[in-house]
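As recorded in TrEMBL:
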| type | residues | note |
| --- | --- | --- |
| BINDING | A:Lys11, A:Gly12, A:Gly13, A:Val14, A:Gly15, A:Lys16, A:Thr17, A:Thr18 | ATP binding site |
Amino acid sequence: MGEAIVITSGKGGVGKTTTSANIGTALALQGKQVCLLDTDIGLRNLDVVMGLENRIIYDLVDVLEERCKPQQALIRDKRFDCLHLLPAAQTKDKSAITPEEMAAIVNELKPDYDYLIIDCPAGIEQGFRNAVAGADQAIVVSTPDTAAVRDADRIIGLLEQEDIPAPKLVVNRVHKQSSNKKDEDMLDVDDVASTLAIDLLGIVFDDESVLRAAHKGEPVATTPNTTASLAYRNIARRILGESVPLLSVETKTGFLAKVKKLFGIEA
Amino acid sequence: MKTSFSNQLVTIKGTKEGLVIHLDDKCSYAELIQELKEKMTESRIGSEHDKGLHVHVRVGKRYVDVEERREIQATIEQPGTIIVSDITSEVMTKTEALEIKEDEQTHSYARLVRSGQVLSVKGDLLILGDVNPGGTVEASGDIYVLGALKGTARAGVEGDEAAVIAASVLLPAQLMIADRLYLTSLTRTERAEEAAYAKPRYACIKQEEIVFNHMSSLATLRKQRTANA
């Protein structure tokens, strides 16, 4: 029996879809059976990030209205056989489905997979309620800015009313420069985590490679040697229960700097 | 025929605090009102040299509702001469008792009040956790936050100007005590800086304005408050 994890944030544009795609891909890299569910009906883009937009024949609403079986609507990923996507409908809107129907679909798919990653739309209305309906766990994505943190806080408050364990936090698009020295004009990861007061599942540095990967329709998690890719793979390992230390900020420091630091000289 | 009329259902006594009318609490209400009416007409209280006479009414262990209170008051009062200053009963309904209990209780919550959430109680409020920006807490009494208060807090919402708001880190966006309002003038950056060095403080009304004080002086303030009450 699989586990359904909803990826949500409240605010738009903080990287829910990117996070969904990459966590899903990273879990598939670990050999898990993964199904990605896009619940952003009317504004779907998980398929675009995954580079699968041209293969969509049936979607979530078609399944609900019984024009096809769930298995027929699922799209197998180009790269991994164990990674599937159930796309959202593009011609309808959020009111096309109810939370009960969503929960039913999730429960129907669960036995076939290890993980179901549900990509939640922005906002706190019907779309959010649909996405959360079938979830066993939740991951809240925030960026280190006040508006995103405020909305994430609101979302956590709403998630606390659901019958799921406390959500986990992913801080996305962290600036490498700002996160090591204390700058009062910006929020750092500690500020975000202490305000939201939930467990930190991972931090993802702002990385151009994420944009490049999305443009190519290949989740960054598949490309080795970028910090973002490593971050997502670490998040996947933590979901699987491994204890992986958080990525350090000073990944690029040279040997001399390390020696200097060892002797307490500011590099 | 019962011999109840041999007992006095209504007794009028003069005491140090003024005239006290004791009403029997065992007989039926109708009987009581009947006798009260008779007593009031036959007794000589309320004659012209008793101008502005205040009486206290004691109904013993009888429960009297609003209607009955009004009737008793109307029966006794005579415009300009007799004024009922209070009607006291030794019993109250469960609802009233629970209301009083709730008003005097400290409600404690071990949780965060997050953005968009409103936590509202009657009585005092104790929160073990933070009140985040965008979150609101309200109480008819005091508010104590064992954590950071960064959102909005309203104490004494029913008009209690003696209410206080205390927090380990008191950096609210807005405070209200009774009808007095405080809006922070600090910028976001200044608030972040202050939060790092914040000491426990409380806010109260002093000379018509909300002021902040160190927690150490709260003890004196509360002592004064109980003395005044």
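The backbone N, Cα and C atoms fix where each Cβ goes, and this holds for glycine too.
Everything TrEMBL records as a feature, shown here on the structure.
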{"residue": "A:Lys11", "record": "ATP binding site", "Cβ neighbours (10 Å)": "20"}
{"residue": "A:Gly12", "record": "ATP binding site", "Cβ neighbours (10 Å)": "15"}
{"residue": "A:Gly13", "record": "ATP binding site", "Cβ neighbours (10 Å)": "11"}
{"residue": "A:Val14", "record": "ATP binding site", "Cβ neighbours (10 Å)": "25"}
{"residue": "A:Gly15", "record": "ATP binding site", "Cβ neighbours (10 Å)": "22"}
{"residue": "A:Lys16", "record": "ATP binding site", "Cβ neighbours (10 Å)": "28"}
{"residue": "A:Thr17", "record": "ATP binding site", "Cβ neighbours (10 Å)": "27"}
{"residue": "A:Thr18", "record": "ATP binding site", "Cβ neighbours (10 Å)": "27"}
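DSSP assigns A:Thr17 (ATP binding site) to a helix.
Taking the centre of the Cβ atoms of A:Lys11, A:Gly12, A:Gly13, A:Val14, A:Gly15, A:Lys16, A:Thr17, A:Thr18 as the ATP site, the nearby residues of that chain (Cβ within 8 Å, site residues left out) are A:Ser9, A:Thr19, A:Ala122, A:Val141, A:Asn172.
In the three-state DSSP assignment, the secondary structure recorded for A:Lys11 (ATP binding site) is coil.
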